[in-house]
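**Student:** There's a structure below that I have some questions on.
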Amino acid sequence: MHPAILIHGPTASGKSALAIELARKLGGEVINADSMQVYSDLQVISARPTEEEMAGVPHHLFGYVDAGRRYSTGEWLESARSVLKRLQRQNKHAVIVGGTGLYLLALTQGLSDIPPVPEDIRAEVKAISESEGADGLRLRLAPHDPELAERLGTGDRQRLARAYEVWLATGRQLSEFQNERQPPVLKEGEWVGFALTPPRAALYKKIDRRFEGMLMQGAVAEARALVSRNLDPELPAMKALGMPSIAAFVRGEISAEEAAESAKRESRRYAKRQFTWIGRQFPFWPRIPSPEVSDRMRVIFALYREIDTADTEDYA
């Protein structure tokens, strides 16, 4: 069995292009690990590879979920497990690529078996979050999970809301579930991960250019189609990078210029958070700072050859 190659990195760092070239070189297949690229309605806004870019390389778990659904990490993990089993039977290389670190952690470290939160509790916590903010959530969570409430402070409203809704639904701390992880799909020795860490200044400029290109390529039309469906703004697809700003423009709440600047700013902030995540969650993954695909290929094959000697000829 060939070890799977995992590619992670911040938004706009060139993950998809690299994954496609790796899969093409190895005769392998690409598996998506980006939580927004699973949605069929977000071709442009999620920067999902186009049909032309994917040509000749089989791709999996891209654009197959409706934006009206809450698609969980557990659902993705089971879908990825199915694809990986088939590729292993066929002795094919798997290149798993995406900016959703939680997906990659679940794949390689296991996933906590947290029961689904009922919609009425989700709605209750959402109302608290909107009316009382992170301060209110922290105060409500503190009596039940003081350690997590202290660690999160008021800087992560989404995680505070998640921890509080889990406690309301189960009466247990989120950390209890996290300490009861299922066995990972990919065990030690069955995968190797690489983190793309291009220079930040250049990356931020690329983020700005890419978003400007998205506006030209149909991002507004995608947002308009979703706004017309009156979907819950708290759905994951409606919170994709750039979507809230473009949706506000579609509704006439802000100008096109304001939408563009807001989306660019949030994308840069998100990239910064992804760099932080990589440092904390993947401290031992080899870093590849070069933005050039050829350099990245050489680094990956040099290391990959040490654990898998088949089909890893030099990339020139």
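Placement of Cβ uses the backbone N, Cα and C atoms for every residue, glycine included.
The following feature annotations were taken from Swiss-Prot:
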BINDING   G9, P10, T11, A12, S13, G14, K15, S16  ATP binding site
BINDING   T11, A12, S13, G14, K15, S16  substrate binding site
REGION    34-37  region 'Interaction with substrate tRNA'
REGION    158-162  region 'Interaction with substrate tRNA'
SITE      T100  site 'Interaction with substrate tRNA'
SITE      R122  site 'Interaction with substrate tRNA'
**Student:** Using the Cβ centroid of G9, P10, T11, A12, S13, G14, K15, S16 as the reference point for the ATP site, which residues of the same chain not in that list have Cβ within 8 Å?
**Tutor:** G99, L196, P198, L203
**Student:** Can you tell me how many other Cβ atoms are located within 10 Å of the Cβ belonging to G14 (ATP binding site)?
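**Tutor:** For G14 (ATP binding site), the count of other Cβ atoms within 10 Å is 18.
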**Student:** If one looks at the chain holding T11 (ATP binding site), which residues at least 6 apart in sequence have a CB under 8 angstroms from its CB?
**Tutor:** A47, G99, I207, L241, S267, Y270, A271, Q274
**Student:** Within the chain of P10 (ATP binding site), which residues six or more apart in sequence place their C-beta under 8 angstroms from its C-beta?
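**Tutor:** P10 (ATP binding site) has long-range Cβ partners G99, L196, T197, P198, L203, Y270, A271, K272, Q274, F275, I278.
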**Student:** Counting by DSSP, what is the helix, strand and coil composition of the region 'Interaction with substrate tRNA' (158-162)?
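**Tutor:** For the region 'Interaction with substrate tRNA' (158-162), the helix, strand and coil counts are 5 helix, 0 strand, 0 coil.
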**Student:** Can you tell which of S13, S16, T100 has the least company, meaning the fewest other C-beta atoms within 10 angstroms of its C-beta, among these recorded positions?
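**Tutor:** Each of the recorded positions S13, S16, T100 was scored by Cβ atoms within 10 Å; lowest is T100.
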**Student:** Looking only at the region 'Interaction with substrate tRNA' (34-37), what is the model's average confidence as pLDDT?
**Tutor:** 98
